[in-house]
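Novice: Attaching a single structure in structure tokens format; questions to follow.
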Ligand SMILES: C[S@@+](CC[C@H](N)C(=O)[O-])C[C@H]1O[C@@H](n2cnc3c(N)ncnc32)[C@H](O)[C@@H]1O
């Protein structure tokens, strides 16, 4: 008998199995790499039965955040090149299952990162109990292999992180440990201090954003704590160009958009590909500035636009793709959901005297149709889609496929093996009767994240 319940279950099982297949293929790749890297590194292993100790906690954190940090960089690049091939084969196999045969695309050699250590320009640190039980330990969470509990480990030994970020994190921990207000691990737990986000530019200007849970705390209490932390930083000669307080009622602090300037400038600025970019606390900016230059350079080589092209920049963040692309094309239109990022992009265009870029606030899936109506006369449309780790809503892919003007698409992904990104890529190419599919022509890897397993990939589609 037909049962919607059973049907749902079956659907879920199929979904889980598909996900498991995908996960299996990538786990296999990285397991193979782990075997190789432990031979190379002779690394101290945290055994699955031992308690974390003062010494092993740092190895446990290293293993989870920068698992390749003891592998020579040249070797890391080889491993990521191999991983790109794995992604490519996985994509072909998924398309094969969906009855779409493709030729393997050209995979270009990986571009390395000009800066290997201390390259991160943004870090987020949160509170949890440390291995000594101190509830106000700031850093990253690591699971204790002996009991599965989560502990917080300070970031001091991570080599991809700037010393200046670690210094601010350490100062914040010292300050919070002296404060009478408790740490907050969950928005409903009555605690106050959640963590701190630190950003900086190549010049060394720093922005710090203190994240707290305002539930149950008066404005006076919050103002007093902001002032005291600012005074504390000054008393220990930690110089921050821009200090913000970010009250957040949600588990994910990015869901709240209130940022209160406590001291200093509203923005920091970064020089990238000869342009000066404005960055607000809530705006996206590529994490590794020098490699971002390499990424954009490679991106424009692949897109190869002309002076008559129109550049459609989907998920435009602070407008980097459009601003940098503006010199090669007739005009650019960026679409971005975060208001601060859109304002930054507009101001950056003014600051650099760029007249041919327009930025629109909204979700791509909601505004793309309207934007495409406006662009109906545009010639030689080049489209760049650069969503976050999780990929985009299927509606975006549908809208792109449905639009006859979009025949050249660069999909830039920092996590191509995430299930939704894989699905996005498959759905661009898969045969269906309604819309004309894209062909995946090439993949270009750029190592944005040395010492980690992640790598930026540019997928170049044409139709
Ligand atoms: C990886 S960043 C890329 C930004 C920019 N292209 C760059 O290179 O700096 C992804 C951006 O997409 C935005 N975003 C994510 N989903 C979106 C959506 N559905 N519609 C519009 N913007 C979105 C995020 O806010 C973020 O700024």
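Positions of Cβ are set from backbone N, Cα and C atoms, glycine also.
Pasting the relevant annotations from TrEMBL:
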| type | residues | note |
| --- | --- | --- |
| BINDING | 286, 336, 386 | S-adenosyl-L-methionine binding site |
| ACT_SITE | 414 | active site, nucleophile |
Novice: In whole Å, how far does the CA atom of residue 336 (S-adenosyl-L-methionine binding site) lie from that of residue 414 (active site, nucleophile)?
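Specialist: Between the Cα atoms of residue 336 (S-adenosyl-L-methionine binding site) and residue 414 (active site, nucleophile), the distance comes to 17 Å.
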Novice: For residue 336 (S-adenosyl-L-methionine binding site), list the number of other Cβ atoms lying within 10 Å of its Cβ atom.
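Specialist: Excluding its own Cβ, residue 336 (S-adenosyl-L-methionine binding site) sees 27 Cβ atoms within 10 Å.
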Novice: Reported as an integer number of Å, what is the Cα distance between residue 386 (S-adenosyl-L-methionine binding site) and residue 414 (active site, nucleophile)?
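Specialist: It is 9 Å, counting Cα to Cα.
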Novice: Around the S-adenosyl-L-methionine site recorded as 286, 336, 386, what other same-chain residues have a C-beta within 8 angstroms of the site's C-beta center?
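Specialist: Apart from the listed residues, the neighbours are 284, 313, 315, 316, 317, 318, 320, 321, 412.
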Novice: Name, in the order they occur in the sequence, the residues of the same chain whose CB lies under 8 A from the CB of residue 414 (active site, nucleophile) and which sit 6 or more residues away.
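Specialist: Spatial neighbours, sequence-distant, of residue 414 (active site, nucleophile): 388, 389, 448, 449, 454, 455, 456.
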Novice: For the S-adenosyl-L-methionine binding residues given in the record (286, 336, 386), what is the largest pairwise C-alpha separation in angstrom?
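Specialist: In whole numbers, the farthest two Cα atoms are 15 Å apart.
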Novice: Including all protein chains shown, what's the count of other C-beta atoms within 10 A of the C-beta of residue 286 (S-adenosyl-L-methionine binding site)?
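Specialist: Result for residue 286 (S-adenosyl-L-methionine binding site): 22 neighbouring Cβ atoms inside 10 Å.
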Novice: At a 10 Å cut-off from the C-beta of residue 386 (S-adenosyl-L-methionine binding site), count the other C-beta atoms across all protein chains.
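Specialist: I get 23 for this one.
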